[in-house]
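Taken from TrEMBL, the feature active site, 4-aspartylphosphate intermediate applies to ASP698. Among the features that TrEMBL reports, Mg(2+) binding site is placed at ASP698, THR700, ASP1159, ASP1163. What TrEMBL records for ASP698, LYS699, THR700, GLU832, PHE873, LYS902, ARG938, THR1018, GLY1019, ASP1020, ARG1133, LYS1139, ASN1162, ASP1163 is ATP binding site. TrEMBL lists 1-25, 55-65 with the feature compositional bias 'Polar residues'. The compositional bias 'Basic and acidic residues' annotation in TrEMBL covers 66-85. Residues annotated as domain 'P-type ATPase N-terminal' in TrEMBL: 206-251. The domain 'P-type ATPase C-terminal' feature in TrEMBL is assigned to 1185-1435. Positions annotated as region 'Disordered' by TrEMBL: 1-90. As annotated by TrEMBL, transmembrane segment applies to 237-254, 260-279, 582-606, 626-650, 1220-1236, 1248-1269, 1299-1318, 1338-1358, 1365-1386, 1406-1425.
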Amino acid sequence: MSEDNNSNNIPSHINETSRSPNNKILSPFDDVFEFGTSDPFTSNENRSQQEHQNKSNVRTGSSKSEGTDRDLSSDSPQEKNDVHSFTKTPMLGEDMAKFESVEIFENSDSKDVSTQDLNQSTRGDMNEVKRMRFATLRDKTHSKNLGVDRSRTMKWAQQNIKKAFQDEKNIDEAEDAARRNRSSELRSVYFNLPLPNDMKDEDGKPIMNYSRNKIRTTKYTPLSFFPKNIFNQFKNFANVYFLILIILGAFQIFGVPNAGLAAVPLIVIVILTAIKDGFEDSRRTILDMEVNNTKTHILDGMENDNVPFDNVSLWRKFKKANTRLMMQFFQFLSEHFTATGKEARKDRKLKEMRMKRAGGKDLPRNSLDSYQSYRPSADYTRPSYDMIRPSLEYDNNTINYGDKTNSNATILDPNLPLRPECKFKKNYWKNVRVGDIVRVHNNDEIPADLIILSTSDNDGGCYVETKNLDGETNLKVRQSLKCSSNVKTSRDITRTKFWLESEGPHSNLYLYQGNLKWIESDTNTYHNEPISINNMLLRGCTLRNTKWAMGVVLFTGDDTKIMLNSGITPTKKSRISRELNLSVLFNFVFLFCLCFVAGIINGVYYSRKPESRDFFEFGTIAGKPATNGFVSFWVALILYQSLVPISLYISIEIIKTAQAIFIYLDVMLYNTKLDYPCTPKSWNISDDLGQIEYIFSDKTGTLTQNVMEFKKCTINGVSYGRAYTEALAGLRKRQGIDVEEEGQREREAIRIDREEMINKLESISNNSQFDPERLTFVSKEYANDLDGASGDIQQKCCSHFMLALGLCHTVLVEKNEQDPNKLELQAQSPDEAALVTTSRDVGFSLIDNKKNIIVLEIQGVQKEFEVLNILEFNSTRKRMSCIIKLPAKDANSNPTVLLICKGADSIIYSRLDTTKNEESLLEKTALHLEQYATEGLRTLCVAQREISWTEYMAWSEKYNVAAEALVDREAELDKVSELIERDLILLGGTAIEDKLQDGVPDSIALLAEAGIKLWVLTGDKVETAINIGFSCNVLNTDMELLVIKAEGDDVQDLGDNPESIVLNLTSKYLHEKFGLSGTEEDLENAKNDHSVPKNDFAVIIDGEALKIALTGPEMRRNFLLLCKNCKAVLCCRVSPSQKAAVVKLVKQSLDVMTLAIGDGSNDVAMIQSADVGVGIAGEEGRQAVMCSDFAIGQFRYLTRLLLVHGRWCYKRLAEMIPQFFYKNLIFTMTLFWYGVHNDFDGSYLFEFTYLTFYNLAFTSVPVILLGVLDQDVSDKISLIVPELYRSGILRKDWNQTKFLWYMFDGLYQSAICYFFPYLVYRRNMIVTNNGLGLDHRFYVGVPVTGIAVISCNMYILMGQKRWDWFTGLFIILSIAVYFGWTGIWSSSLNSYEFFKSADRVYSTPSFWAVLVIGIFFCILPRFTFNSVQQMINPTDVDVVKEMWANGAYDNYPENYDPTDPEQKKIKRDDYMIGDNMFEGEYNPQDAVGGDSAMESRDSVIVEEIPMDSYDKSARDQDQDIRWVPSVSSDVTGRAPMKSMDSWVEGRRSMNQSRVRTSLDRTRESMLASNQLDNRYSVERARVSLDLPGLTQAANLMKKSSRS
């Protein structure tokens, strides 16, 4: 090579810049930041395009590599920009190999001035550019320095992103955003290449310090538990206060008799709290260990220079030793004290003995690292994949690398030597490092974020299940890089050299950009292939239907997307606990006043001269009066310390622990299918469950099962299928129909039809894949027509329709594990699985789906179909097509092509051929689809087109060119697809039910009656969310849907940009619908309004508009006010961070209690942001469960959790806390009254043991039992009358007013307790029969204590709503302990002055007299008040309890649960609830979608026609169907209809005012002949703007006419 080219020789390293081609610093984290320039990354709308790569490219074999090739010997400065990379092309020939760093300017001026500097070539003076390493740096001691990088990221965001942090409330949120978005921290990963010099330290070791793959979701470690837990406990000021008092009590000057005994309560509290916290955290620890010790396959034998060698320091060894000892201790306890542990110990011993006898070969690590590893891959006997694939072990002579000059370049280098010692070996997840090559096998979870190099599929594709990320069980396609798709074995990977250039870690699950680069050694050619999210396997996903996938590790541990979305586990505190601080503060002020008075009086007393004390005391303790007063202040503080009761905190901990246990043991919350009870994760917020006003719910996996069932279809204008959906039941319920009776009748009819259909299908053909148990499409009419009952034409239409469903898909098949003769379908979406399953059930079974061949079993005969192309579905196209090659009719003719297209009804109708489709058929199908949508079903249209071979070949050339495009490939493919997906002929439509979880509509209805508002936040598209909204009765057809969107033809006149459009839309809705202007005053009024909206409006908003709505104070305020005044809110296409932002907006702006519920990792941010987070432990992954506060098996359990347990917990604590303050105030204030007579010298009125036992034994148990067991009403009534829950929302049971009344009551009773005995003994100093006096202060303290103890326990009994023998027994025992202890302790010589006091006091009648009279006067005021209030102004609970006593609820069985589908629903009688019965102006009918006071402006007509009217058997027999409605006009508020004739007349008269269209005539004809379900066919929701989720026949026909 010439000397001129020496500078272009292959360097050891590569230079890269950190700038985009337009020199703007970019970030892909568009969920949080708003870009000042155009977003270079894919928008949310194109997300589906990224998720689904076009498989037809592979099938046609015409797709070329996406990479960019360049001959290095011809490089010039003008060729350095690579448009396919998010960074500049590397500059060759330089000494340093690192990213060219970007100057971080301190102000905008300097940034603008220096913009030109950023454009200079890398050949320029490198010293003029400030260098910044984007990886986390580490010094020689390998200590982390995270603060620098975080601050740099913050500066980068502030300077380069418009309004980056304007919405952050505090620095913690800003830092959390920076932690989640570190995309600017670019990283390079090298494989089989040395690191550049600037990526090494002075010793030649890597300077990068990437996160370890070992994760920790716990709050504590065994080593940090004690100091961290103690520190957290003493953040509570009350604990610090008690600690100070204990320290003061250790000095004798303050006169504490026993300082050690005084410290016992605080020690017990700290220990018990630590045990509870440790137990809560132990489960997370075990789960972390199971995950970290899961096994995977890592390439061994190749050095990974990207990370330093893991030298374990002494500190880490010490931590590991502590962890190991701790876990061995737990294991010892489990194996010796639990039944399961004992069995596990036996098995472990037997296994060790067997392995010892076998010579100890292949023993797994028997240490902490293998403790409780649950993964199936942890079986060490599983052979290596390299061993069982001998066919892949080829050498250099057998490799065919192809032509090196073509564009399909490969990273395989045949010049590199074989390294047979390199093999994949099993290792733990925690040992996976950045730069490792990992191979994942089928059904294994992904250990880290990987770039896919190759898979077992020849096309390089693989399927992953993302249920741990987003809760969806449908499979998603991921594609390996084209340049590495032929790397199949460990030997292949050793023959490669490449490096990755990647953006930094961020939490966006749908975006990633990077590059894989390599240099071909033979031709000295540089290659680059872009990497997108479709080329990644994210940690937490599961590999499915793929034997193996190989990838290079890019992000590990806390840098992975699943961990960045998880966030830091927050420490939550209940609302009552937060408000308790105000009560404690009041008591502190009151205590200070008492101590101050005591100090002043005592100081004044010692300043008086002369006094009798001068003859009895030898000076004073402090010497001076002022000093005596100061000391007396602290003495009084110790004396009156019970005003801030230390026992209150331990009592609350005991109560909340018991409440958590009761929740866990509730069999009504136990899910049998999953074997999962309701599991409290945070025990200290159970009372918050009783104050929830807003619930934010995910859709997929939370409200739905993510299971689709084919229910109905329309073929050739004929509707087939019978179903009784949840949306239909809700609609009928609003019409006043008894849906329970109607539903039972319909389900029985469906069962009969199902049996007839199964028998008919079995008689038609021998379908090997038919499973009657899984049949969801029930239509005996279809089975008959398939057999020719309605003629040959309809028979062919039915057959061809199902054949089209069996061909147009991307479903794969695999053998059933239990029955190899049966095939299981694996689809990318549950909708597609439902369609193919139904076609299989009716005789068109999918047998195999090869590379370009689909094998179907049609009525028992197998046939092959050749697939030419698959035009994939995405969110922009909203359709997919399959192009099938049809054989030629004879040898001389060309074959033909059949295009089958299925998609959204509006999309298909707009592409129909108006000349070849009969208008009547289109109208009938449109009306059927409209009816299906009204039932809450997801509609889909199917059409086809026959194409000549010549036309197809011409189109195919254009398609191949688009498939090879390197820029905007997806857009080019869409344009080409438009050319062929036109002039379609309609075949029919389908209706699929997105199966709800059991009891979801009933649960939502009950929660609404309780005054709880439900908002749905989902990442799904608008159409899907609306269908589910109708199905679960969040939406109904009486509502007007207020659509908020940022773009569209119908909103162009509202603004010039998306921000102004959204602002004007929300302002318009607020003013027109609610008469609000969106001011601060409106927001303040909204905070005080907790009623359920009484209108019929719902808000529908997508992710783009929501992003705008959450920016700026005015925008947020308008959006919040609009949503608060609507019955329902659906936020669609929202990201995890947007979910959390909505929750925070409502929680902080309205000062309400919020609850978030979800099941996937995309719900974690929302769950952690809410006051209470609930995770669904369903079949769709349990990532949310690990970060939640409560875990349940199904959504319907949330109803019982809130309305029963939450309400009980709230009411119990709301009564227990003021009772506790009250009883302590009584006892403490008697000491203060006594101080009046001894000048506050600090002497005790009671014997010292009374001070300890008063809170420990005399009064503690009854008040704790009140907080644990009290029930104002039973669980059955709590569910029957959910309106009782509203007292928690309105905060009527716990507030500071109630607290002050209890304190006043305690102050009054303390005066009775002290002054009644004082007045008895004051005059005559009563003596006993033996002549011994009772003039000792301890003797006076006996009746004072007696009155206080008995009065407190009786007062607690009055506060209890439920009296039973158990609580009554403990009240009696508590009183008995007082009398018993006085007698026992006074009999001991150790009682000193108290000796024989019981004998003296109990023997005097005056003691018993003052005891009875004192108790009577203590209880009388409260008893009188309660009695009068119950008679004059009873509460809702009083009324319900009286109704219960009168037998109003006797017809409900015990353990009645209205959300349980297995239980019979019992209708609540109308007389049970009056309009003014419950507090607040609240009408429960408004919460469940009842008739609104605001009538529809469109005069929507609702017909109330019984189900019997739509009887196909009657239609088939040509019977005259006439009826009288079963619902009277008194119930429905509408006039009953007499017959079908009168109904038709009504329709005709209504239409006389406007021109009747062909569609109207078709509708009337179909209604008259019962081809349409005439119960609801004209009822439809109103929308403010165009909405893609609503199917309306008129709109479909308009689209058809336009096409």
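Each residue, glycine too, has its Cβ placed from N, Cα and C.
By the Cβ criterion (under 8 Å, sequence separation of 6 or more), the transmembrane segment (1365-1386) is in contact with the transmembrane segment (1248-1269), since 3+ such pairs are found. Most Cβ pairs within less than 8 Å of the transmembrane segment (237-254), among stretches 582-606, 1248-1269, 1299-1318, belong to 582-606. Counting residues of the domain 'P-type ATPase N-terminal' (206-251) by DSSP class, helix then strand then coil, yields 22 helix, 1 strand, 23 coil. The transmembrane segment (1338-1358) makes no contact with the transmembrane segment (582-606): fewer than 3 of their CB pairs lie within 8 A, with pairs spaced 6 or more apart in sequence. For THR700 (Mg(2+) binding site), the nearest of the binding-site residues PHE873, ARG938, GLY1019, ARG1133, ASN1162 in terms of C-alpha separation is GLY1019. On a Cα basis, ASP1163 (Mg(2+) binding site) lies 26 Å away from PHE873 (ATP binding site). Note on the transmembrane segment (582-606): residues 237-238, 241, 620, 625-626, 628-630, 632-637, 640-641, 643-644, 1217, 1221, 1232, 1235, 1239-1241, 1296, 1299-1300, 1303 of its chain, located 6 or more positions outside it, place their CB under 8 angstroms from a CB of the stretch. The predicted model assigns the domain 'P-type ATPase C-terminal' (1185-1435) a mean pLDDT of 89. For the transmembrane segment (260-279), same-chain residues at least 6 beyond its ends with a Cβ under 8 Å from one of its own Cβ atoms are 219-220, 225-226, 229-230, 232-233, 239, 242-243, 245-246, 249, 646-647, 649-650, 653-654, 657, 683, 1252, 1255. Scoring each of the binding-site residues (ARG938, ARG1133) by how many neighbouring Cβ atoms lie within 10 Å, the top position goes to ARG938. Cα spacing between ASP1159 (Mg(2+) binding site) and the residue listed as 'active site, 4-aspartylphosphate intermediate': 8 Å, rounded to the nearest whole number.
Distances between the Cα of ASP1163 (Mg(2+) binding site) and those of the recorded positions ASP698, ARG938, GLY1019, ARG1133 are shortest for ASP698. Taking the Cα atom of each, ASP698 (active site, 4-aspartylphosphate intermediate) and ARG1133 (ATP binding site) are about 11 angstrom apart. A simple Cβ count within 10 Å picks out one of the recorded positions ASP698, ASP1159 as the most packed, and that one is ASP1159. For the binding-site residues given as PHE873, ASP1163, the lowest number of other CB atoms within 10 Å of the residue's CB is seen at PHE873. All protein chains considered, the CB of GLY1019 (ATP binding site) has 28 other CB atoms within 10 Å. The Cβ neighbour count for ASN1162 (ATP binding site), using a 10 Å radius over every protein chain in view, is 29.
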